[in-house]
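Read the structure below first, then the notes.
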Amino acid sequence: MEVTRYQSHAVSVIEINHPPVNALSSLVCQALFKEFVEASKDPSVEAIVLCGANGKFCAGADIREFKSTSLMKTISIEDINGNIESCKKPVVAAIEGVALGGGLELALSCHYRVAHIKAIVGLPEVLIGILPAAGGTQRLPRLIGIPAALDMIVRGRHVPATEAFQLGIVDQVVQTNAIDAAVHLAREIIGKPLDNRRLSTLPVQYNINIEDFFDNALKKAKIQFFGAQAPLACIEAVKASVELPFYQGLKKEQELIASLVTTGQPQAQQYAFFSERNAGKWTLPSGEGWDNVSPKIIKTTAVIGLGTMGRGIVTSLSKANISVIALEQDEKQLNQGKKAVISLLEKEAEKLNKQGKSSSFANGLGPVHFTLDFGEIRNVDLVIEAVYENMGLKKKIFQKISKILKPDAFLCTNTSGLDIDEIASVTNRPQNVIGMHFFSPANIMRLLEVVRGCYTSPITIATTMSLGKTLGKVAVLVGNCPLFVGNRMLLPYVEQAGYLLEDGCNPEDVDNALEHFGFAMGPFCMMDLAGLDVGWRSRMEKGLTGDRVPTGTPARQRQGNRYCPIADMLCELGRFGQKAGMGWYKYEKLGGRKASPDPWIRDFLEKYRNTHQIKSHVINSEEIIQRCLYVLINAGFKILEDGIATSPEDIDVIYNNGYGWPKYRGGPMYYAATTGLAKVYETLDRNYKANPDIPSMKPTFLLRKLVAVGEPPLKEWKTQLGNLNNKL
Ligand code: T1G
Ligand code: NAD
C-alpha cells in the first residue's frame, strides 16, 4: 500500500509509504489523490494531516520514473497540491526526515507545516537539471519573499528545520514526534479561517527593484553555474511568480521544464545522480560486496603528515565527529599543521553555528590531538598516511606503524598513485591495507578513490567505503595501477595540452576552450594551482627529464614517442605556478590567484617553435576539445579494459566529483556515449595515424569493439569484455 490512511478522532492521517524515501511515483500520486479526496469528503473528518512513513516525509517526484520528455508526473503532483490547498478542512504537513522537491511542494500546499528539529527541507531540482515544477517556484516566493526563495531554488540548498522556521517555511519545530504535533495542531485549527493560509492566493511581497534584482541574479548565475541551463530556468520561473498570476506561473514552470529537457542536461544530471548512488554498491568478482560484508565501525583514527592533504583529512574526520590523533615529523611542521587545522575547524564550527546546529568543537577544535609520538596511536581503529609521495618513506612508515597498532587496525595511504601492494607488503597485515585517495582540499572535495590492492580484504573495503560515506564523500572503489583512475586519465589530457602549445596555441586558448566546455578550470590553470614542480619531480623520477635522460635523446622525444619538454623548461626557470607568482600565467604576487596571460610565455613559445622548426597552425576550440578529451576518454576505456574501474558510471562519478567535469554533461564516458562512439573512435584513429608517436591516441580495444557491435548503451559496455582482467 503506497498510501495509508487512519483516523484519530476527527483528524485523518494520510501517510505516504514508498521506501526508501517516499518518492512520488505514479502509483503514489494516484493513491495519494484518491485518499485525499476520500478524506476531504468524509463527514467524520474535520482536519487532515499529511505525513510520510519511516521518519521521512517525501523526497519529491520519483526520479526513477523520469523518462526523456515525459512530464505527466509533475503535472499530477500539482493536481494533488491544488486539491489540498483548496480543501475546506485544514491540512497540516508533518515533516520528518526530508521534504525535498515535490515533497516540499506538497507541504507548501498544506495550510500549516510542522517539522521535526532534525528535518531538512528544500527544492533541489536544479541539482538534477530541472526546476521545481509542481508550484514550488510560485508558492515559495509568496511564503518567504523573493530573495530567500530564489537563493534556495537556484542553489538547490538543503535547509535545516530551524532555519526553515526562521524563514517562515514551517510554522512549528518540534523535538518530539512531528506527526503527533501535527495532529494536535490540526485539532486546534478546526473551524478556523484558512484564507490567508492558501499560498497561491497571496500576493508576492517585495520592496526591491524587481528588474534589477533578476538581471543581477541572471548575470551572477551565468558566471557561477557556467553552462548549466537549470539555474537560469529557475530564475525565470521565480520571476514569473512576480509578473504573472499564480496559474499562469504554473504554466510557465511547465514550459521551462519542457525546454530544459530538450537540452539533454536533465538526463545527464539524473544519470550522474544515480551513478553516484550506485558507486557505493561495490561488488567483488567473488560475490562479496556492499550488501553482504559488514563494515567495522571506526571511532578513533590517526592521520600521519599534516601537509596540504593531512590537514584537510583531519578536518574532515573531526567534522564527522570521529576522534583523530594528528602526527607530524617535527615540532615546526606539527605547529604549522596544528594552526592550519584549528583555522579550518573554526570555519566549520562557524558554519554549523550559522545553521543553528551546536558544534562539538570547543574553540574550533574537536576530538583532535596533536603529537610527534607514534606510540600514542597504538589503540586507534584506522590510520591514514599522508606524508610525501615517496615509496621509501611510505614503506618505512607502514612497517613502523604495523608493529605499533592493534592487530585489527586498518592502514590507509593517501598516495596519488603509488603501488598499494608494494606498501602493503612491508606490513604484518596486508589484508588491512588500502588506498584512501582524497582530493585537495580534502575537507571540501567530495571524491574519494578507495584503492583495493591484491591483498586487501572485503572488510577493509567495506570499512573504508563506509567511512567515506560518513565523511560525506562519494567513495568509488578502484583497482591498483599507477595513478589509479582519475589521475591516469588526466595524464594524456595534460600531455595533449602541451602538444597544443607546440602546435600553435597559447595556454589561455586551451584553458578558455575547456572552460567554455564547462570545466571548472583548464589544464594550465590547474597546473599553476597544483604547482608545476609536482609533475616535474615525478617526471624526473621516471627519467623523462633531468640527469637520467640518456645523452643524445632528442628534446621532443622519449623512448621513440613524442614528448613535450615545455613544462620542464618552465620549472628549470622557477616558474612553478601560483606559489612562484608565475607559471603558465603571471600572477599579481607570490601565491596570487589572479591569472593573466603572460607575454613572456607567448615569446617563449614562439622562440621554442622556431628552434624546433614547428609549423604552427590556427587551432579552433573544437579541435582543442576533441584532442584533449578524446584521449582522456580513450584512457577511460583502457581502464575498463584493465578492470581498474567497475563501470563507466564509476569513472564518470570520479570526474564529476574530483576533476571539475561539468555535471550537466554527465561525465566523460557519458559524454562519449552522447557524442557517438563512432565519432570518438574515428577521430582518434585518424589522429593516431597522423601521429603514430602519440600512443594515447590509439583507439583502445574496447572502444573499437563497441563501435563494431553497434554502440550498445553505456550500461552494457562492460559485458563486451566479460570478466577479463577484473582487478577488483
Ligand atoms: N526518486 C527516486 N529515488 C530516490 C529519490 C527520488 N526523488 N531520492 C532518493 N532516491 C533513492 C536513491 O536513488 C537511493 O536508492 C535511495 O533513495 C537513498 O538515497 C515535481 C520535478 C533524499 C537527501 O532531487 O537528495 O520533485 O540506491 O543514497 O544519502 O518539482 O537521495 O538505495 O536504490 O541518496 O540518505 C526532487 C533527491 C525530485 C531529491 C537521501 N528531489 N534525493 O539521501 O540516501 S524532482 C530530489 C536526495 C521533483 C517536482 C520535481 C537524497 C536524499 P538506492 P541516498 P541519502
Ligand atoms: P605535503 O608535502 O604538503 O605534506 C606532507 C607532510 O608529511 C609534511 O607536513 C611532512 O612534514 C609530513 N611528513 C613527512 N615525513 C613524515 C614522517 N616521517 N612522519 C610524519 N609526518 C611526516 O604533501 P601533500 O600534498 O599533503 O601530499 C601527501 C600525500 O597525499 C602524498 O602521497 C600525495 O601524493 C598525496 N596527494 C596529494 C594531493 C595534493 O593535491 N597535494 C592530492 C591527493 C593525494
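Cβ atoms here come from the backbone N, Cα and C positions, even for glycine.
TrEMBL annotations: computationally assigned, not manually curated.
So that you can see what the record holds, here are the features copied from TrEMBL:
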- 301-480: domain '3-hydroxyacyl-CoA dehydrogenase NAD binding' (DOMAIN)
- 484-587: domain '3-hydroxyacyl-CoA dehydrogenase C-terminal' (DOMAIN)
- 624-715: domain '3-hydroxyacyl-CoA dehydrogenase C-terminal' (DOMAIN)
Residue distribution over DSSP helix, strand and coil in the domain '3-hydroxyacyl-CoA dehydrogenase C-terminal' (624-715):
67 helix, 1 strand, 24 coil
Treating G and I as helix alongside H, and B as strand alongside E, what does DSSP give for the domain '3-hydroxyacyl-CoA dehydrogenase C-terminal' (484-587) in helix, strand and coil?
57 helix, 8 strand, 39 coil
Could you please provide the mean pLDDT value for the domain '3-hydroxyacyl-CoA dehydrogenase C-terminal' (624-715)?
97
